[in-house]
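According to Swiss-Prot, the feature signal peptide maps to 1-18, an assignment based on experimental evidence. Residues annotated as domain 'C-type lysozyme' in Swiss-Prot: 19-147. Per Swiss-Prot, disulfide bond is recorded for Cys24-Cys145, Cys48-Cys133, Cys82-Cys98, Cys94-Cys112. The active site annotation in Swiss-Prot covers Glu53, Asp70.
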Amino acid sequence: MRSLLVLVLCFLPLAALGKVYGRCELAAAMKRHGLDKYQGYSLGNWVCAAKFESNFNTQATNRNTDGSTDYGILQINSRWWCNDGRTPGSRNLCNIPCSALLSSDITASVNCAKKIVSDVHGMNAWVAWRNRCKGTDVNAWIRGCRL
């Protein structure tokens, strides 16, 4: 019994770790969270953005030259959208800790992304979407998925 307890305690932190989603798995999760056609952007746009922002990895982080960091599956920036406790002048417009964006549960990322895309720039806020997805056949990202 003691061995089982030790084993459970060793693996308990893994439950809080992030996740690398499969393409169709992420498409289904994003659809459940209401991203399909949100602000006029089809589901394929969101899946494409996630691919080129994080390679579908909820734990992705990238430090920027201005000292801010991008977090999670949609690489949401700490200067404007979340608080990481180390970005001077963070606006935290989504009112969340950046660590919430690294969870295997994409709810916080989706809710924040909805605020971002509702801004005047829409999905142009995501550099990877602008450079790799905009104007392409983004429906290819959900083709073959059972949604």
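Numbers here mean position along the shown chain, with the first residue as 1.
Just so you know, glycine gets a Cβ as well, placed from its N, Cα and C.
Here Glu53 (active site) is positioned 11 angstrom away from Cys133 (disulfide bond), judged by their C-alpha atoms.
Other C-beta atoms found within 10 angstroms of the C-beta of Asp70 (active site) number 24, with every protein chain shown included. Around Cys145 (disulfide bond), the same-chain residues six or more apart in sequence whose CB sits under 8 Å from its CB are Arg23, Cys24, Ala27, Ala28, listed in sequence order. Close to Cys94 (disulfide bond), meaning Cα to Cα within 10 A, are the following recorded positions out of Cys48, Glu53, Asp70, Cys82: Cys82. Counting only same-chain residues six or more apart in sequence, the Cβ atoms lying under 8 angstroms from the Cβ of Glu53 (active site) belong to Ala60, Asp70, Ile73, Leu74, Gln75, Trp126, Ala128, Trp129.
Sequence-distant contacts of Cys48 (disulfide bond), defined as residues of its own chain at least six apart whose C-beta falls under 8 angstroms from its C-beta, comprise Trp129, Arg132, Cys133, Thr136, Val138, Trp141.
Rounded to the nearest whole angstrom, the C-alpha distance between Cys98 (disulfide bond) and Cys112 (disulfide bond) is 10.
By a simple count of nearby Cβ atoms, those within 10 Å, the most crowded of the disulfide-bonded residues Cys98, Cys112, Cys133 is Cys98.
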